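Inspection log for the structure reproduced underneath, given as structure tokens.
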Amino acid sequence: MQITEEQLIQEAAKAKERAYCPYSNFRVGCSLLTKNNKLYTGCNVENASYGLCVCAERVAICKAVSEGDRQISTIVVSCDTDEPTFPCGMCRQTIIEFCYPGNDIKIIAIGKDHSKPKYSKGTEVIPFAFVPKDLNVDPQLEQK
Ligand code: THU
């Protein structure tokens, strides 16, 4: 069965509850869907050495990529904010890495009220991004 956006939203909200964020108390959950209909989740993981904090989106992306799933089609970010918030700059750069010709990544941002999602896409949230092409690399040719 094809995983639905509704399921992705539910899983991102569940992942948010697993956030390890004793310093900011700002919970973030993420879920993502890959082209082969697999779902991965992540939450923010903070550290007493603040600079080591990792965002929910990058946790989820690293989980998918490390399992061999790089064809990401949708990412959901869930926070407890009144208005949905979109991924931070570092996460946007990580997301654009996995957008390629013919595959943009749909981004769905969810706040407290799940019924009012906001939508964007990888190529929209980071204009003038630094991308593999800038290094004369085509990841699709370079790597399986
Ligand atoms: N955070 C995320 O997990 N994703 C974002 O896109 C924005 C920020 C986390 C990092 C940190 O643990 C907390 O939210 C406050 O910045």
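For all residues, glycine too, the Cβ spot is worked out from N, Cα and C.
Some features that TrEMBL has for this protein:
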DOMAIN    3-133  domain 'CMP/dCMP-type deaminase'
BINDING   N44, V45, E46, N47, A48, S49, Y50  substrate binding site
BINDING   C55, C88, C91  Zn(2+) binding site
ACT_SITE  E57  active site, proton donor
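Sequence features annotated in TrEMBL and their locations in the structure.
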| residue | record | Cβ contacts under 8 Å, 6 or more apart |
| --- | --- | --- |
| N44 | substrate binding site | A19, Y20, C21, S24, F26, R27, V28, C53, V54, C55, A56, V59 |
| V45 | substrate binding site | A19, Y20, C53, V54, V59 |
| E46 | substrate binding site | Y20, C21, P22, Y23, S24, L52, C53 |
| N47 | substrate binding site | C53 |
| A48 | substrate binding site | Y23 |
| S49 | substrate binding site | none |
| Y50 | substrate binding site | Y23 |
| E57 | active site, proton donor | V28, C30, G42, I75, V77, P87, C91, T94, I95 |
| C88 | Zn(2+) binding site | C55 |
With DSSP as the reference, give the number of residues of the domain 'CMP/dCMP-type deaminase' (3-133) in helix, strand and coil.
42 helix, 34 strand, 55 coil
Same chain, not part of N44, V45, E46, N47, A48, S49, Y50: whose C-beta falls within 8 angstroms of the C-beta centre of the substrate site? Give them in sequence order.
Y20, Y23, L52, C53, V54
Local Cβ density at C55 (Zn(2+) binding site) - other Cβ atoms counted within 10 Å:
21
Of N44, V45, E46, N47, C55, binding-site residues neighbouring ligand 1, Cβ under 6 A:
N44, E46, C55
An 8 Å radius from the center of the C55, C88, C91 Cβ atoms defines the neighbourhood of the Zn(2+) site; name the other residues of that chain inside it, in order.
A56, E57, R58, P87, G89, M90, R92, T94
Neighbour tally for C91 (Zn(2+) binding site), based on other Cβ positions within 10 Å of its Cβ:
25
